[in-house]
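Taken verbatim from Swiss-Prot:
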DOMAIN    26-130  domain 'Phytocyanin'
CARBOHYD  Asn44  N-linked glycosylation site
DISULFID  Cys84-Cys118  disulfide bond
REGION    135-164  region 'Disordered'
COMPBIAS  151-164  compositional bias 'Low complexity'
LIPID     Asn167  GPI-anchor amidated asparagine
Amino acid sequence: MGIIVPVLTLVFLLFAKVSHGASNPRVILVGGSVGSWKVPDSPNNTLNHWAENNRFKVGDFIVWKYDMKVDSVLQVTKEDYESCNTANPLKQYNDGNTKVALDKSGPYFFISGAPGNCAKGEKITLVVLAERKSGGGSSSGDAPKVSPVSPTAQTPAPAPGPAAAHNAAVGLKVASGWFLTAVVVGLAMA
């Protein structure tokens, strides 16, 4: 009987770890692929279409891969984003492999530092979701992927899809398996 409490405690801790696994920070490549940070091929194929179809969470990292000889990434205010003003960036990155921590909820505005590229559409707005403090709802642990072009420029991000439900189901099955194992071991030791 003395071993049941430590075993059940271990099972509880493992269950807590599995159920919180979806909240781990992700490293997300801008546009979903190398070479996406460029002037878009068409007005219907912008990085904002990609961003609108993905969810970003506090703690995630966003990564740009680009040729540092011809481009850079500028984090700017909303006003500078809308006017493509490169003169006063909040932050400037020009290393060709830029990694930015999304450390607060709300919008982030990024534009190209290459002359004229922002006006041609090389810019992106990322909206980072607020952290949920209570146990309500679940979050998707899936990394964003390239999505089909959105028919309108201002569509909301989609709800988590079947993959999120699948991840939750797998986590529940793993936790249930650990719990049953602990019960069997506990009964065998009694």
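Glycine is no exception: its Cβ is also placed from the backbone N, Cα and C atoms.
Positions of Swiss-Prot features highlighted on the structure.
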{"residue": "Asn44", "record": "N-linked glycosylation site", "Cβ within 10 Å": "11"}
{"residue": "Cys84", "record": "disulfide bond", "Cβ within 10 Å": "18"}
{"residue": "Cys118", "record": "disulfide bond", "Cβ within 10 Å": "22"}
Cα-to-Cα gap, Cys84 (disulfide bond) vs the residue listed as 'N-linked glycosylation site', nearest whole Å:
19
Counting each residue once, how many in the domain 'Phytocyanin' (26-130) are helix, strand and coil under DSSP?
15 helix, 36 strand, 54 coil
Averaged across the domain 'Phytocyanin' (26-130), what pLDDT does the model get? Just tell me the whole number, please.
95
Taking only the Cα atoms, work out how far Cys118 (disulfide bond) lies from the residue listed as 'N-linked glycosylation site', in Å, as a whole number.
15
